[in-house]
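According to Swiss-Prot, the features are:
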REGION    1-42  region 'Disordered'
DOMAIN    77-111  domain 'EF-hand'
REGION    112-140  region 'Disordered'
COMPBIAS  123-135  compositional bias 'Polar residues'
COILED    219-310  coiled coil
REGION    319-368  region 'Disordered'
REGION    421-481  region 'Disordered'
COMPBIAS  428-440  compositional bias 'Pro residues'
COMPBIAS  445-457  compositional bias 'Basic and acidic residues'
REGION    493-708  region 'Disordered'
COMPBIAS  513-524  compositional bias 'Low complexity'
COMPBIAS  548-559  compositional bias 'Basic and acidic residues'
COMPBIAS  598-608  compositional bias 'Basic and acidic residues'
COMPBIAS  654-663  compositional bias 'Basic and acidic residues'
COMPBIAS  665-680  compositional bias 'Polar residues'
REGION    724-779  region 'Disordered'
COMPBIAS  750-766  compositional bias 'Basic and acidic residues'
BINDING   792-799, 840-844, 898-901  GTP binding site
LIPID     971  S-geranylgeranyl cysteine
LIPID     972  S-geranylgeranyl cysteine
């Protein structure tokens, strides 16, 4: 047995050695194959990068297990990429970076001992044989044992390591040799355990796969929830931001509206403050002016009060002298008639017994003075300004009544400077009833109504009142016209003052020439109104004896401030002349005097002038008809004393009315200065043999009084005064047409003209040469003449606009223009006269050919549209095309929108018209022919544009010089 065992062991040993020998070359051959299998494929990198690009891992920067589930690699199986991912993802993050996955895959192929097992599947028998050949089978094992063992291993189908296979081999061989019945049990156990291991391995892999799947699904869901949460948060943020923005915008708009309201309120308050400040300034200036006027009035009141006291004192003295003279004269007559009472049947005493020229006022003239000498001195100095007008008293009606001494029955002491406002000449000696309708027959008294203590009416300081006479009751008291409204009384109206003035004038040297003082002396504030020179009775021909008298009186009157402004100075320094009676009411519209003010001024003339005879007046308002007053005042009185005494009251009243009418005409008709008429004025001069109109002729021209205050006017006035005394026919202006006498149709003024007579006089002097009688007429040729065409659709208001422009009135019911209409409008713009030929075209289409013909010579165009019609505004471009077709270039245009008063029906906004005007480069405006709004301004602007265009055209003209031929020096060069 032992020997057989030894043989078997030896044979077994030999068999193992033979297997080892047979395996060595196989091992040598397998070694390079294994090394070759474990190497990294060359195309694996390119395939791996393509996978990263396809699955989007390259863009994300990492790879997930879901990406590997769809991966297909040539060097890996279907599930091997996921297994490699699980092996590399130690932290179970669910994603790996590209570098981590690539390095892990390379490590699996390079150094891992199970790489060959992962790469290859030994399903083929050849591979199994190669594997079994590598088992550590002892050499002494025979072929049968090897085949049985390999069959056992093949049945197990489990991969075991070489050490495990060696242990199984030993265990199986020992059981086979020692206990063969147990070898089958071992084989069944190994097969069963192998199957269980396989099942466990499969379960493990399935569980791992499920776990990984769940993990990936969980991660996907978490990521999805995260993204949804982020999206919801983003939407919530956007919604909150939108709500916040809307609230902010609403709050901002509300605050902006509140701020604008506050700003408007501040602007209104500022405007109100400015208006209040302006009103305060105006009120303060008015108050200051009123204070100044009050001061002036107080000073004038004090002066008047002082003068009144002085006049009262003089009046008292005069009363005393008159009472004394009356008493003495009465006593002398009584003494003279006492012896003649018992001889009533005898003849009348000789007129020479009682001399008519005895001295009736011994206290005034002295006991040794001669009355004849006094009267002769009065005749010698009658050319002075002092006059004594007297008439013999009537004879007594009965011897029983006391007779008035034959003294001066009526004494009128006056100065020539007070004659301007009189209604009859001062040389009229008859104090008969000449009361005008405006003045009661009692004569005018002073402002305070001084009365005689005995109840008798007192004389006015300057009125012609007769001394009390026996026939004072039979004859009505004469009403002298010095006290009419607007007249002034003389300063000295008593006998004593008359003689004092007479002595003062005799002491003065005679004047050397006719010169006017620019300022009037104090105490000479008198006003004069001239009678009409048209009366034939006032003109007695040139009297050589009156020439020196008139010259001296003229100079004396100018020295005394004759023709000055009036007793009451106007508060604003107006220089308009003061006219008496109704002549003030007939002043033209250039002197707007209210009725109440006029009546108050008349009353002040009737009262206040007697209280203030000494106020100073300026010479600025000297009337231009002064020589006529002087001529009538200083006419000879020979032959009038007897006639005046025999006139009846009817003739005197008619003469008084004639004087009133003449005083109304004198400011308009008797202006001897042809170059001082207001423009426009027409003056007609009669022929040398033609007489002026009579005293009662109607007024031919109602012109306003001129304020003549310049030295040239005064010099002309004095020259005319001298020329009246020269022999020869007299040529006086008989008709003066002024603005007030012949009003022209009112049109919108291109320039505001002041209504000051001075300004009108200066304009007349500038526009006409001296002596030009037609200077006031409008110029025949304008400065500029332009051709203007109105374009626009029908019914836009072109005809209404032109009608309002010409007639200053809106005409209703105008029909559509047929063809074309033509008007001429004269405008005064920038001191230049523009004559605009305005062509009103028809808007109907059938007249457009005629309109195109007119456009060829157009220099200005007015494009008019209706703001209530969008179609008319659109057709403006059609009219522009018509202008272009007509070949008109450089035309001044105005775009004008009419009917702006129809705001509710407006279809064309103002901004649209302004934009179109800016696009065309023309001026723009909107007007309303119904309301008369903005009618004249566009035409004035068009006139200025036409003038500027003409100026530019003149400036752009180039002078064409004729080429000059150069002369050659000789015939050959």
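Cβ from N, Cα, C; glycine included.
Locations of recorded Swiss-Prot features on the structure.
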residue: 792; record: GTP binding site; Cβ contacts under 8 Å, 6 or more apart: 798, 843, 863, 864, 865, 866, 872, 875, 876, 879
residue: 795; record: GTP binding site; Cβ contacts under 8 Å, 6 or more apart: 816, 843, 866
residue: 841; record: GTP binding site; Cβ contacts under 8 Å, 6 or more apart: 789, 790, 791, 798, 817, 820, 847, 850, 851, 854
residue: 844; record: GTP binding site; Cβ contacts under 8 Å, 6 or more apart: 794, 816
residue: 900; record: GTP binding site; Cβ contacts under 8 Å, 6 or more apart: 867, 906, 926, 927, 928, 933, 934
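Take the CB of residue 798 (GTP binding site) and look out to 10 A: across all protein chains shown you find 26 other CB atoms. Secondary structure of the domain 'EF-hand' (77-111) per DSSP, as helix, strand and coil residue counts: 22 helix, 3 strand, 10 coil. DSSP assigns residue 841 (GTP binding site) to a strand.
The average pLDDT computed over the coiled coil (219-310) stands at 94. A coil conformation is recorded for residue 900 (GTP binding site) in the three-state DSSP classification, outside any helix or strand.
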